[in-house]
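The structure under discussion appears below in the form of structure tokens.
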Amino acid sequence: LTFPLLSVTLLVSFGSSMLYGYNLAVVNSPAEHIKAFYNATWSQRYGQGLGPAPLTLLYALTVSIFALGGLGGSLLVGLLVERYGRNGALSRSALLVLLAGGFMGFSRELGSPEMVIIGRSITGIHSGGCSLRCALPFPHGSNLRGFLGLMPSIFICLGVFSAQVLGLPELLGKDRFWPLFLSVVVVPASLQLLLLHCFPESPRYLLIERNDVCGATKALQRFLGSSDVQDVIEEMQEEQRSLSSMEMASVWQLLRERSLRWQTLSVAVLNAGMQLSGIDAIWFYTNTIFENAGIPLSQIPYTTMGTGAIEVVAGLIGCFTIERVGRRPLIITGFCAMGVCSAGITISLLLQAALPWMRYVSVACVVGIIAGFCMGPAGVPFLVTAELFMQSHRPAAYIVGGSLNWLCNFTIGFIFPFLQMSAGAFCYLVFCGVCLLVALYVYLIIPETKNKTFMEISHIFA
């Protein structure tokens with residue numbers, strides 16, 4: 001692992017994955033301030049404020065519109081990369097963040113809740129391209145595939161943690177600072193925009209898409225820190241010849257391919273399960289969950305920040321152990337832990353009236369859900385998707401998985417406040433059931449993909 005390769009991986013993750021994590025959690029702390037702004041603006045416009053149900057609906061839309069933008073962004077990724085390359089696509093997506101930051105930052109001055117919602121949707125479009133990473137070559141049998149594959153999930157955790165820290169009352173958690181809090185996203189986007197040009201374009205893009213052997217050779221020499229890159233060039237040229245004679249499958253062709261039905265179903269289960277596990281409800285509405293659990297209001301921001309620190313540690317554990325223990329154990333253990341802890345939240349909420357100390361059990365269960373997610377389900381499904389399919393079907397598989405991921409993200413972000421109002425403590429049993437069913441599916445159906453070729457994996461499914 002060379003310094004240039006590590007640097008560009010960190011830079012891309014900092015400006016993409018970290019922003020995704022930040023935008024997941026940034027709406028949690030200023031929720032009451034944003035609702036108050038919506039209510040005051042509505043009262044100024046129409047002479048009366050919003051009722052509790054319409055206000056909850058409008059705020060739920062603000063939270064979840066991020067996912068609809070993400071769905072659109074994920075569908076545009078392939079076109080952007082093909083036309084502009086990895087660096088060009090990342091630069092253009094960073095410009096979107098600057099635009100979104102302007103909308104959200106000036107929304108209160110202009111008295112426009114619509115600007116907050118538009119800004120959230122634009123940041124979603126950027127995060128939909130969060131998978132844009134320099135496709136750099138590294139040995140398939142080494143631990144770099146798992147390590148670099150999970151690097152973005154660590155930065156997602158760091159983004160969530162950053163939002164939790166900046167949301168403290170001593171920093172940007174006060175009412176007058178919430179527009180600035182939402183628009184902080186322009187800082188990492190600007191840094192990525194400035195520094196990305198210090199690195200060459202992806203060697204794989206240069207050779208396979210642009211047929212620029214000279215440029216790919218120079219980029220490889222820079223990234224790998226060696227002048228002898230002929231073996232890697234020949235490997236990519238072989239891939240280029242293979243792709244030129246290969247017809248790329250559409251989504252419809254993938255869904256109709258009987259030999260890949262279990263792989264396709266597995267991608268659908270993993271990506272839908274990631275979001276329906278309830279993790280986005282935890283990130284979007286952490287403060288509300290802790291308030292319902294009876295945690296004193298003055299302690300909630302610091303409790304939330306503590307959960308963020310733990311999720312970063314859990315993400316690091318997953319990153320450094322994936323090539324040692326494999327994909328399956330991390331996914332199964334993560335979903336099982338999330339399921340048990342979701343049930344634990346329900347039990348603790350039901351008993352806290354009689355047993356006041358049960359509020360701390362609720363906090364521990366929230367921590368367990370986040371830690372379980374960050375250790376495996378946060379990043380491993382994306383890595384497994386690439387390993388289950390050959391190149392001809394991989395783009396279609398990513399579209400299927402990404403679309404389900406964002407649609408389920410939107411669903412949870414939008415309906416959770418209403419589910420919590422109607423089902424109370426029992427709403428977490430829904431997430432418990434989803435997590436345990438996904439874990440059971442992985443245990444029964446999905447094989448270990450570590451150090452296996454596509455043909456070996458296909459033979460196991462057959």
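Using the three backbone atoms N, Cα and C, a Cβ is placed for every residue, glycine included.
Bear in mind that TrEMBL entries carry predicted annotations, made automatically and left uncurated.
On a predicted model such as this, the values are computed, not experimentally measured, just so you know.
Annotation source TrEMBL lists domain 'Major facilitator superfamily (MFS) profile' at 9-450. As annotated by TrEMBL, transmembrane segment applies to 57-81, 93-111, 117-135, 147-166, 178-199, 265-285, 305-323, 330-351, 357-384, 396-419, 425-446.
By number of Cβ pairs under 8 Å, the transmembrane segment (396-419) is matched best by 57-81 from the list 57-81, 305-323, 357-384. At the 8 Å Cβ cutoff, the transmembrane segment (330-351) and the transmembrane segment (265-285) share at least 3 close pairs (sequence separation 6 or more) and count as touching. When Cβ distances are compared across the two stretches, the transmembrane segment (265-285) makes no contact with the transmembrane segment (93-111), since fewer than 3 pairs at least 6 residues apart fall below 8 angstroms.
Between the transmembrane segment (357-384) and the stretches 93-111, 147-166, 178-199, 305-323, it is 305-323 that has the most C-beta pairs under 8 angstroms. Beyond the transmembrane segment (305-323), the same-chain residues lying 6 or more positions past its ends with a Cβ under 8 Å from any Cβ of the stretch are 25, 143, 145-147, 149-151, 153-154, 156-158, 160-161, 163-165, 168, 286, 330, 334, 363, 366-367, 370-376, 378-380, 383, 450. Within the model, the domain 'Major facilitator superfamily (MFS) profile' (9-450) shows a mean pLDDT value of 84, rounded to a whole number. Away from its own ends, the transmembrane segment (178-199) comes close to residues 4, 7-8, 11-12, 14-16, 18-19, 22-23, 26-27, 29-30, 33-34, 37, 87, 90-91, 94-95, 97-98, 100-102, 104-109, 116, 119, 123, 126, 134, 166-167, 172, 222 of its chain (Cβ-Cβ under 8 Å, at least six residues beyond either end).
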